[in-house]
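In TrEMBL this protein carries:
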type	residues	note
TRANSMEM	20-39	transmembrane segment
TRANSMEM	46-69	transmembrane segment
TRANSMEM	75-95	transmembrane segment
TRANSMEM	116-135	transmembrane segment
TRANSMEM	150-169	transmembrane segment
TRANSMEM	190-211	transmembrane segment
TRANSMEM	231-252	transmembrane segment
Amino acid sequence: MPQDPMDFEWSYWIEWGREHILWLLAGHLLVSQMSRLLVEKYKPWCLMVYGMAACWLLLGIKGFAVILLHAAISFAVAQFQLSLLTWLCSIILLSTLRIPAVEETKRKWYDTENEYYLLLFTVSVRCLFCTSFSLEYCWHAPTQKSSHSFPWMLAYVFYYPTFHNGPLVNFDEFSKQMRRREAFSVKTNLSILIVGIVRILFWWCLAELMIHLMYIHALYSSALPLESASYWALGGLALAQVLFFYVKYLVLYGVPGLLLQMDGLKPPALPCCVSLMHSFTTMWR
């Protein structure tokens, strides 16, 4: 049965996931577990090097250079320790993505629009991470800045599970948990991995069923069926739309969240079920 093709985000990330990203995430998992087992002290740097290599592989040397340049500019501006300047820097860096000449130049780096969009999404999310690092650098006293070095910023920015699409992890939490030494148990980690994979596969299958059977987005793209539908039907369609949104992000954030757990970090909470919420504010967060 053909699927509803109108949800660009789901189709886009599933295509990239099957072809490249899931394999690179599996590589990250292997590097992470080996470094935790053998060289716990150097785990952040092993993961940083792997993230840089994965970025280079998917985005090419020019895409890698753009992200590195954004990180270097953000770090340099953070040295002034002015929050307003940090925000201005982040807004200017983001605005460069919409300059027509810059857009055209970046498109020429790639053979397909999907590759260009991957760079666009990745740079946008990396900008959030650079902003988090820079603001926390501004807010901390000089005695607390030992962990706010440029190598630590690169380890944070190029951390691969959250690299392309998030979720956002604050720098302070990331560095604190990365530095923490804890007992490593292969058996415990294996059980976390198996349970996590089973849950994500369940959510993934549910999302695929919804997109193959319900055609929510296709209905919304055409005015005719909406005009003829009753208020109850429109309410049901709206609920189905947000429920699919919820299930979609259980998958898109569940995969990196599982890898964060495997790395010994605490992942951000997954979205709450929209049927239990009276306000959508926390959903957007």
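Using the three backbone atoms N, Cα and C, a Cβ is placed for every residue, glycine included.
Note that TrEMBL annotation is computational and uncurated.
Residues of the same chain lying 6 or more positions beyond the ends of the transmembrane segment (20-39) and with a Cβ under 8 Å from any Cβ of it are 13, 46-47, 50-51, 54, 57-58, 160-161, 164, 184, 186, 189, 193, 255-256, 259, 262-264. When each of the listed stretches 75-95, 116-135, 150-169, 190-211 is scored by C-beta pairs under 8 angstroms to the transmembrane segment (46-69), 150-169 comes out highest. Below 8 angstroms of C-beta separation, residues 3-4, 7, 10, 29, 217, 240, 243-244, 247-248, 250-251, 254-255, 258, 261-262 of the same chain, each at least six residues beyond the ends of the transmembrane segment (190-211), sit close to that stretch.
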